[in-house]
Amino acid sequence: MAASHTLWMGLVLLGVLGVLQTRAQAQPSLQPNFQQDKFLGRWFTSGLASNSSWFREKKKVLSMCTSVVAPTADGGFNLTSTFLRKDQCETRTLLLQPAGPPGCYSYTSPHWGMVHEVSVVETDYEEYALLYTHAESTKGLGGQDFRMATLYSRVQSPRPEVKEKFSTFAKAQGFTEDAIVFLPQTDKCMEEHN
């Protein structure tokens, strides 16, 4: 009896360690030698993947938006996004503050009050950037952590290879094919805002 109990406890501990190890591996690494000055400027939000219920409900009506990244005095960013909402252009600005090594930032969600960590996982600065956003769960979200992968591109029509790179990245973060969306282009709200 003691031997089977010990074996059972050993399997449980291995399972727990396996889960912890899997969660740790799920956090993507940062862009090596991230160069903030090259990341500045205009980007198009071309692809998204998320586990949030809001995203699942709205993903069919989302369209591409523009985001302008500008530096702040503390080494962070002002991220100003302009998007189409209910047939009107809406602009929102988030203050991304440094939150660790270069390429890691955080902001507080104006809607939920949660702190989100944003990581620039990969970028070539001239064509695309892959970002990963994570926020610890709160009771208001049903106990589920918020996760999102984002594809930024410098042009409205990213190359198929860039889209494939984003799909592979999103799947590596645990998103399923149906959670990955490439946002359709629109001619509305695409003018440059600073």
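Backbone N, Cα and C atoms are what each Cβ position is placed from, and that goes for glycine too.
What Swiss-Prot records for this protein:
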- CYS65: active site, nucleophile (ACT_SITE)
- CYS89-CYS189: disulfide bond (DISULFID)
- ASN51: N-linked glycosylation site (CARBOHYD)
- ASN78: N-linked glycosylation site (CARBOHYD)
- GLN25: pyrrolidone carboxylic acid (MOD_RES)
- 1-24: signal peptide (SIGNAL)
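Sequence-distant neighbours of CYS89 (disulfide bond) (same chain, six or more apart, CB under 8 Å from its CB) are THR82, PHE83, LYS188, CYS189, listed in sequence order. Each residue contributes its Cα atom, and for ASN51 (N-linked glycosylation site) and ASN78 (N-linked glycosylation site) these two points are 25 Å apart. Rounded to a whole value, the Cα-Cα separation of ASN78 (N-linked glycosylation site) and the residue listed as 'active site, nucleophile' is 16 Å.
The Cβ of the residue listed as 'active site, nucleophile' has PHE44, THR45, SER81, THR82, PHE83, LEU84, LEU183, CYS189 as same-chain neighbours under 8 Å, each 6 or more residues away in sequence. For the glycosylation sites given as ASN51, ASN78, the lowest number of other CB atoms within 10 Å of the residue's CB is seen at ASN78. Under the DSSP three-state reduction, CYS89 (disulfide bond) is assigned to strand. The secondary structure of CYS189 (disulfide bond), as reduced to three states from DSSP, is coil rather than helix or strand. Look at ASN51 (N-linked glycosylation site): DSSP puts it in coil.
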